[in-house]
């Protein structure tokens, strides 16, 4: 590892955060769709959905948080793509800096931006009647899972950011990620789904993560579910990280 | 920040390229390019679009790996000592490599920080002054004109005083006034001892700036020399008497041609 890695990453992170501060619309846009889903499902469909939970907003929030992340990370691909398009990426690459810091700065920026969006969504949910008995440690656990999930998805986003040929291509990859929660326990209990769909829903990462967060918020014992959730996050993270770095290395050599 | 030069490299040229080859799939872009650029000189690489000028620059700037041949910049091999090369060079690509969302000053500070220099703010203010951008320094680059962007781009390349600078088509797309400003900046650089390799498709640009000129054609350097040497390659001027009635085309071209030439001066 290069001795300048931390310093260079900090400088480049400062640059990207400044971008976000100057166009906060990226955070607003990220938050609008999840808020719309919250309103739609809590006030329109929610009454007809039997979840066995006391309030539907309590049931729904974890899934909405994951949708927020899935839509938020597309901006990482977008920002990385813009850097590649302009000459600034090549300028950085021809400078005596730690080369991996260029990617890490974008990844850390994604963590910060998504954290802000998530906080906005939680506030909206609280206004809509979301309640939890979770204490500080529980909230930290939830934040940890969400950060890990953000990190994993962000490294996925790095790949189209590096390889896309157009702006649309750079962000289109996130659509399947946004819709994955619909075929999970995020909106309705999986028990209500027909066999094959149910099998898929119960064995995909969103269900595991949603269930773990829901249990923490509901102050239920999380049991083995939390390990499944963490395993999914770490697994996706490792695979995405490796592929993103392979792509990067191919791109810069 | 400067790196102490190994003693052995003092007599070496700033840029030494030998037998450089590069193919993109089936397309052989470079087929054995040889170039030597003396320290402190301005070297122009001429060629039509797609001749491979940018490929040469990208290899020298460690952005691309060559398929064959050797290239040394400031005494360092671009393939095996890429980090040292990056310390010694700076690249101004074909498209202004500036951050549009940041201000001009922030762009300069960013590069100074990434070059690990102390007092980045002082360096930024100094360069803004030298490139007449002081007033625009606090504005976002998005609002800059093409000429201002290019000036900022070149100013960013000067941070840390790298001994070798690559300018890839520095004046493409600029209006004549901005072009002259860029030329002025390049001349100042070379007079300060910096080695400049620039690519261009404008012949007059090479004529104006370069100490030596090389023409890249079909993957090879076909000629390489000073302007005077290149002129001698053509057969000496002969005097012939031909009686010829001027056509309207001749009249038009003579009149219009002279006029545009005057305007350019």
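Note: Cβ is positioned from N, Cα and C throughout, glycine not excepted.
Summarising the annotation, TrEMBL assigns domain 'ABC transmembrane type-2' to A:25-251.
Residues annotated as transmembrane segment in TrEMBL: A:27-49 (among others).
According to TrEMBL, the transmembrane segment annotation covers A:61-82 (among others). Non-local neighbours of the transmembrane segment (A:61-82) in the same chain are 16, 19, 26, 30-31, 33-34, 37-38, 103, 106-107, 109-110, 113-114, 117-118, 121-122, 125, 130, 146, 149-150, 153-154, 156-158, 160-162, 164, 167, 170-171, 173-174, 177-178, 180-181, 184-187, 206, 209-210, 213-214, 217; each lies 6+ residues outside the stretch with a CB under 8 Å from one of its CB atoms.
Residues or ranges marked as transmembrane segment in TrEMBL: A:103-127 (among others).
Sequence annotations record features per position, and here TrEMBL assigns transmembrane segment to A:139-158 (among others).
Among the features that TrEMBL reports, transmembrane segment is placed at A:170-188 (among others). Within the chain carrying the transmembrane segment (A:170-188), a Cβ under 8 angstroms from the stretch's Cβ atoms is held by residues 33, 41, 49, 51, 60, 62-64, 66-67, 70-71, 73-75, 77-78, 80-81, 153, 156-157, 159-161, 164, 197, 200-202, 204-207, 210-211, all 6 or more beyond its ends.
Annotation comment: TrEMBL describes A:224-244 (among others) as transmembrane segment.
Outside the transmembrane segment (A:139-158) by six or more residues, the chain places 65-66, 69-70, 72-74, 76-77, 80, 103, 106-107, 110-111, 114-115, 118, 173-174, 177, 209, 212-213, 216-217, 229-230, 233-234, 236-237, 240-241, 244, 247-248 with a CB less than 8 A from a CB of the stretch.
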